[in-house]
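Novice: One structure coming up, written as structure tokens, with questions to follow.
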Amino acid sequence: QISWTPLLVLGYLFYLLLGAMVFQLLEKQAETHFRDQFQLEKLKFLQNYTCLDRQALEQFVQVLMEAWEKGVNPEGNSTNPSNWDFSNSFFFAGTVVTTIGYGNLSPSTVAGQIFCVFYALFGVPLNLAFLNQLGKGLNAHLLTLGRWVQKPGRAQVQLAIFLTTGTLLFLVFPPLVFSYVEGWSYGEGFYFTFITLSTIGFGDYVVGTNPNKHYIPVYRSLTAIWIVFGLAWLALVFNVGADLMERYLQLKWHKSDLSLAEGATTKLEDEPEQPRIHIP
């Protein structure tokens, strides 16, 4: 039997190539537009403030970029809340062990960077063990729900309850909260929710970072707890999806092998036996 692994590899590479082409088609033109617009705004700024030259403006832009990379929001003033109070630090610790890594905030001191390395070294396996145990608990709860459903196709009912409940708790309702607190649209909130729970973590949308808003102290801590439980649920969904996809590919490939084998057998049976030449 021929292995189905090459088919999976080809499908994986094709999916990456397809994604690259679609993202290029959707985003490249917009990027060019924003780049041209930014250059135009810089020219207008120099025209309005003739005491500045281009080099001074570029240096100031560099200062802004460095501030953003260090987690300092250039908007507002020095009264902006700290990124490293306990609530924000708790949220950052959660993004480290869950490997989300938004990228909008990172340790700037050598001691903080070294601690982050060892903290992640032990924290990531601990987080995986915790999520695995949490996933087992969710599975056990699903089995309990399934025993209440005395109907044919109980497994399908279990899966439907699991998907519906999790979708409402982790993908549908949270964007409503984020839209209200952060001022995002529902689509932006949903985008942030999925990108976070899938541990992709681009960092283009992060909760609790708007300097013009006043957040309750435990807002980001509660968000971190929601992330942990959401990760466990979505990881189970991804595992189920991966298992179903793997079984489907194996089944298709196995059927293809059987069809080829049956076709070859039928062909041999249909062909008349050729006379054999006996050489003394």
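Backbone N, Cα and C define each Cβ position, glycine as well.
For reference, TrEMBL lists these features for the protein:
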TRANSMEM  6-26  transmembrane segment
CARBOHYD  ASN77  N-linked glycosylation site
DOMAIN    79-136  domain 'Potassium channel'
TRANSMEM  86-105  transmembrane segment
TRANSMEM  111-131  transmembrane segment
TRANSMEM  157-177  transmembrane segment
DOMAIN    168-246  domain 'Potassium channel'
TRANSMEM  189-207  transmembrane segment
TRANSMEM  219-242  transmembrane segment
Novice: Any chance the transmembrane segment (157-177) and the transmembrane segment (219-242) have 3 or more Cβ pairs under 8 A, given the pairs are 6 or more apart in sequence?
Specialist: yes
Novice: On the DSSP side of things, how many residues of the domain 'Potassium channel' (79-136) fall into helix, strand and coil, could you say?
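Specialist: Tallying H, G and I as helix, E and B as strand, the rest coil: 39 helix, 0 strand, 19 coil.
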Novice: Cβ under 8 Å to the transmembrane segment (219-242), counting only same-chain residues 6 or more beyond its ends: which ones?
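Specialist: Non-local partners: 87-88, 90-91, 93-95, 98, 100, 130-131, 134-135, 138-139, 159, 162-163, 166, 169-170, 174, 181, 193, 196-199, 207-208.
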Novice: Write out how many residues of the domain 'Potassium channel' (168-246) are helix, how many strand and how many coil, based on DSSP.
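Specialist: Helix (H, G, I), strand (E, B), coil: 55 helix, 0 strand, 24 coil.
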